[in-house]
Amino acid sequence: MWRDKVKEYEDFILEDLKGLLSIESVREDDKASAENPVGPGPRQALDYMYKIAERDGFGTHDVDHIAGRIEAGKGDDVFGILCHVDVVPAGDGWDSDPFNPVVTDDKIIARGTLDDKGPTIAAYYAVKILNEMNVNWKKRIHIIIGTDEESDWKCTERYFQTEEMPELGFAPDAEFPAIHGEKGISTFDVIQNEKADDQDEPEYELRSFVSGQRYNMVPDEAIANVAVKENMTDVIQNFEQYLNEHDVEGESVVDSGVLVLKVQGKAVHGMDPSIGVNAGLYLLNFLATLNLDKTAANFVAFSERYLFESHFGEKMGMKFHTDVMGDVTTNVGIITYDNQDGGKFGINLRYPEGFEFEESLTRFKGEIQSLGFSIELGKNQTPHYVEKDDPFLQSLVQAYRNQTGDDTEPYTIGGGTYARNLDKGVAFGAMFSDSEDLMHQKNEYITKKQLFNATSIYLESLYKLCVEE
């Protein structure tokens, strides 16, 4: 029944999704203002969702242009569908324009198809279809739309300062059948705050280093500018040998007497950095072979001692595992250095229930202080968990099983979704077990089958939970 109903709307779903995907809704702090709190792109995407909602007869409510909601249904209780329309930067290496959606016979290719614009449109259409069926709602539906999920969650932080908190809800921002637990997520900067003096002119001076744009992405590019006193050819040859030995890509060029070294890695979501290739850490690992100026040498040595080839907090003394949520993970998403101010490592650490985060960070902070480094804590979100046998969760899972015939159990993840804003919130789709996970990677896509099947699952689940029989 539900899949047949979705068939009537497939062309409309694709058109509305293409419009949303065409908006480059990446956070841009340098363009932020009161009108565009995290930049013009995310604001434009938020307004786009208001526009299609008003076209379809729904009410909307804006919260300071950084978040808002689409309203449907009726009743005392509120059911929340928590979505986001911001995306991570596209990065390089795409086979097509990431913000000019390509629609083939079986897929839609663009940044945000999986995370989270495709699932957002699927959930929206589930509500739209039910509304156009003139169902007898027993709950109010709030489709809550954020614009800063990929960075600091300023959107939901502001939204829930003044707006009603749903009793139940889901975030269509992960996988089916359902995610009932999410690791704690923290971001912090390790800052080099002591410069060392060189008594003699160094053989190699690190002028600058840059890698990564987001804490929650494994950086796929790193660039270092090195002033070479002598033996330039030897350094270039050693760099090429290093790339071959470590099976990573890169290049070197000489620009105005300065050696520019570049490494290409593999960007993946920061929740599991072990499956990516961190370009920044590999380039620092090569720089460790050079007799650098002392300040740079201390920066590189820090990476070697605590970060390189340590995806699970081992080198920082934070290794921890539970059977329910798995391992601590550490992603070094941002690395910067210049010869005037020193360097910074931007770290995204994810941890399971039972991990003593504050105690561990305090210990690590004390350990690195003597090395000339300090820590600035950004955001820390504690782990989130809903019991697997909760009736609400089971209702969602049953809708999934009815539509797919798959009896896979709900599970926990290292990622973080808006579901953790709710006491009883879970992540629910829109990826399936056979979906290729290209979130935060080049050539991100969603299949039409996945998009329409997710819409059908959302339809059935919302009908069971929010409509009078």
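A Cβ is built for glycine as well, from the same backbone N, Cα and C atoms used for every other residue.
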Among Asp47, Asp56, Asp115 - the residue Swiss-Prot places in the same Zn(2+) 2 site as His84, Asp173:
Asp115
Swiss-Prot annotation, Zn(2+) 1 site containing Asp115, His440 - matching residue among Glu71, Glu150, Glu157, Glu409:
Glu150
Using a Cβ-Cβ cut-off under 8 angstroms and a sequence gap of six or more, which residues of the chain neighbour Glu149 (active site, proton acceptor)?
His84, Asp86, Asp116, Cys155, Thr156, Asp173, Tyr418
Could you tell me which three-state DSSP class His84 (Zn(2+) 2 binding site) falls into?
strand
Name the residues of the same chain, 6+ apart in sequence, whose Cβ is under 8 Å from the Cβ of Glu150 (Zn(2+) 1 binding site)?
Arg27, His84, Asp86, Val87, Val88, Arg214, Asn216
Candidate with the highest Cβ count within 10 Å, taken from the binding-site residues His84, His440:
His84
Using all protein chains in view, find how many other C-beta atoms are within 10 Å of the C-beta of Asp115 (Zn(2+) 2 binding site).
28
Return the count of C-beta atoms lying within 10 angstroms of the C-beta of Asp173 (Zn(2+) 2 binding site), excluding that atom itself.
27
